[in-house]
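Copied over from TrEMBL:
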BINDING   ARG13, SER14, THR15, GLY21, ASN22, GLY149, LYS150, ASP151, ILE190, LYS198, MET199, SER200, LYS201, SER202  ATP binding site
BINDING   ASP137  L-tryptophan binding site
MOTIF     14-22  motif ''HIGH' region'
MOTIF     198-202  motif ''KMSKS' region'
Amino acid sequence: MATGKEIVVSGIRSTGFLHLGNYFGAIRNYIRMQEDYNCYFFVADWHSLTTHPDPKDLRGNVFRLLAENIASGLDPEKVALYAQSDVPEIAELYLLLNMLAYKGELEKVPTFKDKVRLQPQNVNAGLLTYPVLMSADILVHRAIKVPVGKDQEQHLEMARNFAQRFNTRYGEELFPEPIAFNFGDNLVRIPSLDGTGKMSKSENEMATLYLNDTDELIRKKVMKAKTDSGPAEPGAPMPETISNLFLLMQSVSAPDAVDNFRLAYENQSIRYGDMKKQLAEDMVAFIAPIREKAQALQQDVPYLRRILKDGAEKARASAAQTLQAARALIGINYYQ
Ligand code: TRP
């Protein structure tokens, strides 16, 4: 891969369908980074095993995710796009880092405590050491920037701790300390259609727009979005349900369309039915090409396999160098 550029790593969860919140929160960040950074983006299939997914579903999930990311604009020529399980060096580094991770600190991680509460019947060691595997994902490429949301901050802090612990113990700055990164000024919050919370947090499928929703379903979901009887007086503050519609519109509609409806709100002539119709059509125009491209890509299994293979090759070239250095520092270098 190109040298001289800063290294970026991010893992894409392999469960669940991609939605508009993922697109504007993560994928669009990736697409912008692929131009200026040396990017390693991977499907986190090993991570998904903590919950024992049905083996029949795994391949389909991985291929769908690849197809949806490529259809959204991720270019496998520009980035290394791979499956975590195709890079055994990650597992090896995970083992090495586990020797530097303490049971006590792992038990204190909020995401682990949540899981213990939610699935007490399956508190396995993979769940406990999830942050160690995530650290290995990142440190294996000696990345310095990691595009993730706020919910991953704690995991990144652990990655920094493990990096530092390794460097201190073995007396060399092998691992830089990675930081969370995104084009913050352009981060758009994508609200859910039921007027509460973010689309990514939504448990209500009708309030979430997926990248594989049909045109008809997109229209139906948008038309069902909550509104009210309109502003009671000029300059009335906008309730959240309405400001959410504007946020959604800003993300996919032409600026003049948004301005017109904003003006209509201000002078109390707004008709929410018209606004939702416009939003629905603009949403369809936005999502349909991604959906169609992703569907076509999913049919082309040989192509997806080639992408995975090429990606794994690029990732392993970088990972092998790190492991060679790590082994030597630890003293596992019997043939040199
Ligand atoms: N834990 C991340 C999430 O839940 C996914 C992930 C796994 C990841 N490994 C990573 C993200 C490495 C960034 C870097 O979204």
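From the backbone N, Cα and C atoms, a Cβ is placed for every residue, glycine too.
Unlike curated entries, TrEMBL annotations are predicted automatically.
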With the Cβ under 6 Å from ligand 1 as the test, give me the qualifying entries from the binding-site residues ARG13, THR15, ASP137. ARG13, ASP137
Any same-chain residues 6+ apart from LYS150 (ATP binding site) with CB under 8 Å of its CB? Would you list them in sequence order, or say none? none
ASP137 (L-tryptophan binding site) and ILE190 (ATP binding site), distance between Cα atoms, whole Å: 28
Local confidence of the motif ''KMSKS' region' (198-202) - pLDDT mean: 75
One should report the C-alpha separation between THR15 (ATP binding site) and the residue listed as 'L-tryptophan binding site', rounded to whole angstrom, as 18
Spatially closest candidate among ARG13, ASN22, MET199, the listed binding-site residues, to ASP137 (L-tryptophan binding site) (Cα to Cα): ARG13
Within 10 Å of each Cβ, count the other Cβ atoms and name the one among the binding-site residues THR15, ASN22 with the highest count. ASN22
Densest Cβ environment (other Cβ within 10 Å) across the binding-site residues ARG13, ASP137, ILE190, MET199 belongs to ASP137
When DSSP is mapped onto helix/strand/coil, what comes out for ARG13 (ATP binding site)? strand
For ASN22 (ATP binding site), which DSSP three-state class applies? helix
